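Some features that TrEMBL has for this protein:
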- 12-31: transmembrane segment (TRANSMEM)
- 15-463: domain 'Major facilitator superfamily (MFS) profile' (DOMAIN)
- 51-72: transmembrane segment (TRANSMEM)
- 84-104: transmembrane segment (TRANSMEM)
- 110-129: transmembrane segment (TRANSMEM)
- 150-169: transmembrane segment (TRANSMEM)
- 175-194: transmembrane segment (TRANSMEM)
- 262-285: transmembrane segment (TRANSMEM)
- 305-322: transmembrane segment (TRANSMEM)
- 329-354: transmembrane segment (TRANSMEM)
- 374-398: transmembrane segment (TRANSMEM)
- 410-429: transmembrane segment (TRANSMEM)
- 441-459: transmembrane segment (TRANSMEM)
Amino acid sequence: MRGYSARIAGNPYIVGSFACIGGGLFGLDIASMSGVLSNEAYFNVFKNPGYNAQGAIVASMPAGSLVGALAVTSLADRIGRKNTIILASVIWVIGGVIQCAAINRGMLVVGRVIAGISVGLSSTVVPIYQSEITAPSIRGRLVSMQQWSITWGIMLQYFVQFGCSYINGTASFRIPWGLQVIPAIILGIGMLWFPESPRWLIDNGREEEALQILADLHGKGDRSNGLVVLEFEQIKEQVDFERNEGAKSYSDLLKPGVFRRVVLGSSLQMWSQLSGMNVMMYYIVYVFQGAGLTGRRVNLIADSVQYILNVAFTIPAILYIDRWGRRPLLIAGSILMGFFLCLVGGLQGGYGAWGTINGSSVWVITGHGSVTNAVIVCSYLCVSSFAVTIGPVSWTYPAEIFPMKVRAKAVSIATATNWLFNFALAWAVPPALSSIAWKTYFVFAAFNFAAAIHFTFCFPETAQHTLEEIEEVFSQGHTFSAWAISRDVGKRNLEDLVKGRADDEKQGSLEKA
């Protein structure tokens, strides 16, 4: 009894992309907050939260996500990748129901923390699951769909909120918050028909199941298929090697070679947050308000264009991330984002002044329609730059660079870094915009330029390699000269693997003799 659908497993795009609904949950959360920042019913129910209080409400979700991401360190290894995704969907439903029923800030924060735990679990384990279950030639494409699902979640939730904004009363925000449990239900039930990660099965002594899943995934059920045999043998070889290296523990993350990758994975997730992208997502209402875009409906329409661009510009990355490579996208994206944020900050600083909007002190551009439009366009270009570069790679790269022995723990640490900085920025940005205003954009621009330097010197290319071949990439060294590592390093076929194993056996026989 397989416990999954062989027909589903045989379609790499279905099996690799369905779990991305877990990423969509994060997107739903972003829009569930950004869409209510101009909703009178929301302000009435939750007692007109100021900049600091609103930042705390928004930050409660990434606070929960930090907990969820760290919990993956034991859950994904103990109960498996598939069951962890199902658990995350159940937790999201609970959090969503509490948010929908919230009657005060405390209840809303509790619901967001619980939903955040789900997002932390899913955002960590889904890329692991995808990277372990897809063929190397399309792994980057499918793991990057995690980012695309986030953009879809943002856009769909925002349009639901846009439509419901015409409803008078609390239904204007309760309906969107209630509807967001539907994707989680679909994810939890649907995963019952999907296979477990073959790498996790082999690591837990279930080799027959793993071989059959690999055959269904990559060989149309044929266990003798060349790619199936190659991957099965490579995984077994890697598992045997890692078992002999030592037990699974946090101390493994500090070992030479592994610690370097922990730093790379965590810093990439840190830079993705410090890029300023979530400022443009969570608080786009504040950004356009400061640009001088007045009127609730006009602001909502302008926001929606940004979310559509976010979805659209992620598509080229999904299609070509394995061809273009990870390094060029990271470097180009950080430089472009830094440039456009400098333009936003410069225009805001040059043409804005302190004013009052809805009783709050706001740095705002008034009487300069062309400058307002320029700020909006630069914001669009900044978001588009992230969508086609850093966004997809920030999920793909950490999921593929770690040895299997520490993959779940290491990816969870990297993703926890994402949520730690997400939490800090979600809370800090509203007060920053209300105090240092346009200078906030230059702070994020500086982070982007620093990231570009780090990407250039320290991040080796991993595209088109199996997870096991990536070990060879990092064994080359070049810690601060990553460009010196060839993209062909580590590439092997079945004949190379068999020959290498025969040579090892021959050497072992000679040593015994």
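Don't overthink the numbers, they just go from 1 along the chain as shown.
Even glycines carry a Cβ here, placed using N, Cα and C.
Spatially, the transmembrane segment (262-285) is adjacent to the transmembrane segment (441-459); three or more Cβ-Cβ distances between them are under 8 Å for residues at least 6 apart in sequence. Taking residue pairs at least 6 apart in sequence, the transmembrane segment (84-104) and the transmembrane segment (175-194) share three or more C-beta contacts under 8 angstroms. Simply put, out of 51-72, 84-104, 110-129, 150-169, 51-72 has the most Cβ pairs sitting under 8 Å from the transmembrane segment (410-429). Among the listed stretches 12-31, 110-129, 150-169, 441-459, the one sharing the most Cβ pairs under 8 Å with the transmembrane segment (51-72) is 110-129. When Cβ-Cβ distances below 8 Å are used as the criterion, the transmembrane segment (329-354) is approached by residues 268, 271, 275-277, 287, 290-292, 317, 321, 361-366, 368, 371, 374-375, 378-379, 381-382, 385-386, 388-393, 397, 437-442, 444-449, 451-452, 455-456, 459 of the same chain, each at least six residues removed from its ends.
For the transmembrane segment (441-459), the residues of the chain that approach it from at least six positions outside its boundaries are 264, 267-268, 271, 274-276, 279, 326-327, 330-331, 334-335, 337-339, 341-342, 344-345, 348, 397, 432, 479-483, judged by C-beta separation under 8 angstroms. Within its own chain, the transmembrane segment (110-129) is flanked in space by residues 19-20, 22-23, 25-26, 29, 57, 60-72, 75-76, 81-82, 84-85, 87-89, 91-92, 94-102, 143, 146, 184, 197, 395-396, 398-399, 407-408, 411-412, 415-416, 418-419, which lie at least six positions past its ends and keep a Cβ under 8 Å from the stretch. The stretch from 12-31, 84-104, 305-322 with the most CB pairs below 8 A to the transmembrane segment (150-169) is 12-31.
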